[in-house]
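Written below as structure tokens is the structure these notes are about.
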């Protein structure tokens with residue numbers, strides 16, 4: 001069996017991606033436009049079929065008379081996404097941004113415009129030259145008046161796949177050339193875990209390859225999906241998904257492996273496997289794990305050899321577990337009082353985890369909570385007590401639910417992309433810290449409200465910059481950030497807000513300047529297939545010509561860089577196909593070292609895809625080498641071992657993140673002291689969109705209830721409030737109020753309601769503070785505080801609220817129509 005560690009695999013892929021880019025720059029020189037004459041289309045297809053890809057998979061587009069009429073899944077996709085019709089619809093959706101637009105008051109008064117009127121939809125159409133000149137003037141003004149810390153270019157969001165038209169990298173490239181900017185680090189998905197895990201495991205863990213699915217199928221006796229719904233969430237990928245996880249799950253089901261799903265909602269995954277469903281109160285997972293750990297310890301079921309050889313600090317944690325250090329034993333009975341499960345069920349769960357080979361596959365929602373750092377730290381501690389980390393089919397995994405983690409890695413090369421020109425950072429693009437300074441991404445509102453204020457982050461003290469201008473491309477913060485009404489007040493601190501997108505999201509509607517970008521189906525690009533499998537490299541060929549006056553992200557930023565006097569530095573003399581071919585040729589050079597054959601660029605572009613063989617990747621066992629010899633294969637932690645107790649965190653002295661996994665009361669929870677509202681809001685990932693992407697398409701017809709975002713409510717909670725299926729409901733707390741449509745179902749536990757995150761914010765009266773959101777943006781209700789001083793992640797799952805039948809005047813949802821004048 002291959003002894004390749006997750007760190008080695010991740011580091012090699014990241015290193016190779018960086019080398020791909022640098023080698024391409026050195027080897028190819030200026031490719032210019034010659035490649036366009038060698039098979040690349042400068043224009044969209046008039047009639048016929050063309051292959052391309054998206055966050056939902058590889059597809060073949062059928063074009064008739066210059067219009068895309070169908071997106072059919074690739075015939076080698078084992079589990080095509082049901083969302084492809086919505087992807088097609090996004091090109092022609094009424095939400096398309098057609099022309100460059102400027103908020104009327106900003107056009108007339110500039111930075112003296114009333115900022116509280118943002119979002120009222122009063123825009124004026126301008127020419128591209130007028131829009132780009134205005135953007136360039138604003139960037140220069142802020143740079144000259146405030147320096148690089150006056151411009152925020154963090155621009156977090158899922159954008160679109162493609163190694164050239166990566167709008168966030170391109171934006172950072174332009175802003176770096178313009179003199180610098182304030183960036184953001186981390187992400188909204190895994191902020192707490194990606195800070196705590198390097199202290200515990202020596203790696204981010206959340207974006208690492210998992211033990212391969214074939215190994216899991218062969219060896220795992222019990223699969224536990226803890227706060228994870230991989231049957232739903234693996235439809236999408238950060239790059240182009242291969243959907244390889246579905247083959248693994250199908251094989252696991254066919255084998256009859258026992259599956260447990262721990263979740264307040266009966267998930268699609270639970271239904272698929274016929275799984276046992278365990279539903280603790282939301283936000284009490286750490287208490288449940290502690291009760292299980294106490295059972296293992298008190299019944300002498302823990303693996304003492306693994307703890308002694310592969311971990312450090314268990315004795316200090318055990319003192320807390322038994323109550324020796326604080327007087328409170330974390331027994332199953334203690335846990336039962338907090339999480340609402342019977343004590344005997346907690347004990348039986350613990351015993352079942354050590355009865356055979358067990359894989360703990362955890363999702364990320366349990367760390368998007370107040371004190372979220374504790375959840376995955378405690379999960380690793382529980383897995384360490386079970387003692388199967390590094391064994392085939394055992395241990396834990398934090399990305400089986402994300403981008404098809406566990407899909408076996410191929411022998412192919414890593415594909416590089418365009419650089420932002422700043423500090424070279426290995427790994428995912430959103431983890432970059434290039435720029436004049438950087439803040440944790442979820443603290444953007446704190447930054448705007450507290451310029452010059454100090455904050456703690458991962459052992460360091462930092463100061464919030466005084467930002468005057470924000471530029472957002474490929475993201476929708478008015479969907480993914482918490483506490484919408486607090487955010488709206490903070491946004492008034494900005495003198496200028498620029499948005500570049502292809503659809504009129506709530507974020508675009510609150511902009512001063514709006515630039516229309518193409519969809520990725522109106523330009524050429526190149527991308528990998530399979531975040532973890534690296535199964536293939538795909539030519540993302542242009543399907544149709546750009547609609548209206550939309551321009552590609554590369555062309556927009558190149559034109560902007562030209563106005564800033566940095567055009568040559570931005571383009572380096574390359575056009576679209578020159579860059580794309582350079583990325584491919586760098587991958588070819590890398591493949592030569594691996595004895596992997598690849599066709600010429602011209603043949604590749606003609607064929608549309610090059611696939612790679614899978615050999616050793618099918619046998620990958622995460623942490624096998626570490627388990628075999630921790631001394632010669634140490635982790636990246638200070639001790640080289642799994643740090644159940646972290647001396648580094650101890651030195652930080654944080655009162656909200658102790659040195660070992662600890663149960664800490666969140667700011668609000670069901671059953672918690674002083675809980676003001678009776679229902680927990682489970683803000684789950686949506687089934688038929690990617691966060692907020694595709695909410696403005698025809699896919700909404702699949703799930704909207706009475707024209708609103710659906711709200712799953714238990715029959716008991718519905719009956720107590722006189723609520724019936726299909727009713728329009730008002731969900732409210734002290735932070736805001738939203739309308740949703742009722743779906744009465746026992747799939748959600750009593751005391752909880754489920755509302756998908758990513759619904760587009762649609763204020764009834766944008767000028768009124770705390771106004772009703774007409775459609776159903778769950779982040780109107782969520783709490784905007786950091787998870788702790790350590791990670792400063794978001795707490796998007798820390799929400800208590802109440803619900804009632806809506807008794808107000810009928811409303812019309814307008815967020816899916818274009819603003820007036822647009």
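Positions of Cβ are set from backbone N, Cα and C atoms, glycine also.
Features as listed in Swiss-Prot:
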{"type": "SIGNAL", "residues": "1-42", "note": "signal peptide"}
{"type": "BINDING", "residues": "158-160, 189, 232-233, 262-263, 283-285, 364-365, 368, 476, 480, 500-501, 523, 553, 683-686, 689, 691-693, 779, 796-797", "note": "Mo-bis(molybdopterin guanine dinucleotide) binding site"}
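Known features from Swiss-Prot, placed on the structure.
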residue : record                                                  : Cβ contacts under 8 Å, 6 or more apart
158     : Mo-bis(molybdopterin guanine dinucleotide) binding site : 55, 238, 474, 475, 690, 691, 693
232     : Mo-bis(molybdopterin guanine dinucleotide) binding site : 267, 268, 269, 685, 687
283     : Mo-bis(molybdopterin guanine dinucleotide) binding site : 369, 370, 666, 669, 670, 680, 797, 798
365     : Mo-bis(molybdopterin guanine dinucleotide) binding site : 227, 683, 684, 797
500     : Mo-bis(molybdopterin guanine dinucleotide) binding site : 167, 171, 471, 472, 473, 474, 514, 515, 517, 553, 556
689     : Mo-bis(molybdopterin guanine dinucleotide) binding site : 83, 86, 695, 697, 699, 758
779     : Mo-bis(molybdopterin guanine dinucleotide) binding site : 479, 480, 481, 482, 483, 484, 683, 757, 761, 796
Cβ neighbours of residue 683 (Mo-bis(molybdopterin guanine dinucleotide) binding site) where a neighbour is any other Cβ within 10 Å: 23
Where residue 283 (Mo-bis(molybdopterin guanine dinucleotide) binding site) sits in the secondary structure, as DSSP reduces it to three classes: coil
Conformational class of residue 689 (Mo-bis(molybdopterin guanine dinucleotide) binding site) under the three-state DSSP mapping: coil
In three-state DSSP terms, the structure that residue 683 (Mo-bis(molybdopterin guanine dinucleotide) binding site) belongs to: coil
Three-state secondary structure, residue 500 (Mo-bis(molybdopterin guanine dinucleotide) binding site) (per DSSP): strand
